[in-house]
Amino acid sequence: MAAAANLPAFLAVGAGAALGAWLRWALGLLLNPIFLTIPFGTLAANLLGGLLMGASLAWIHAVPAMSPVLKLLLTTGFLGGLTTFSTFSAEGLHLVQRGEWGWLALHAAVHVAGSLLMAWIGYAAFTAWRG
């Protein structure tokens with residue numbers, strides 16, 4: 001198994017993914033009851049994930065010598081576990097099944113545009129903070 005040959009990377013991805021998934025789950029528990037048509041927990045996870053991905057990429061670019069294992073922990077692991085394209089897809093399918101086309105369009109637009117905007121903000125904020 002290739003992953004066994006690189007145990008630190010394997011463990012970093014797994015640990016990061018567990019932490020990210022736990023945060024996503026907690027956001028769902030906290031925010032999904034607020035508005036039942038569009039689950040805010042998934043939206044919050046995707047927007048926060050976009051923001052943190054932008055900041056992480058800026059950090060990675062600012063520190064070329066950063067450990068590849070730390071990069072994997074942050075991006076593939078934690079942010080991969082936090083962000084929720086499969087959950088987003090399932091929630092979109094539920095809107096389709098209920099014929100809620102307007103909510104579906106809003107759901108998709110806010111997740112995609114919002115995540116891209118948050119990634120840009122995260123990158124810009126880290127770059128400005130770093131100077």
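Each residue, glycine too, has its Cβ placed from N, Cα and C.
So that you can see what the record holds, here are the features copied from Swiss-Prot:
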type	residues	note
TRANSMEM	3-23	transmembrane segment
TRANSMEM	34-54	transmembrane segment
TRANSMEM	62-82	transmembrane segment
BINDING	G80, T83	Na(+) binding site
TRANSMEM	101-121	transmembrane segment
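Sequence-distant neighbours of the transmembrane segment (101-121) (same chain, 6+ residues past either end, Cβ-Cβ under 8 Å): 37-38, 42-43, 46-51, 53-54, 57, 83, 88, 91-92, 95. Annotation note: G80 (Na(+) binding site) sits in a helical segment as assigned by DSSP.
Counted within 10 Å of its Cβ, the other Cβ atoms near T83 (Na(+) binding site) come to 23, all protein chains included.
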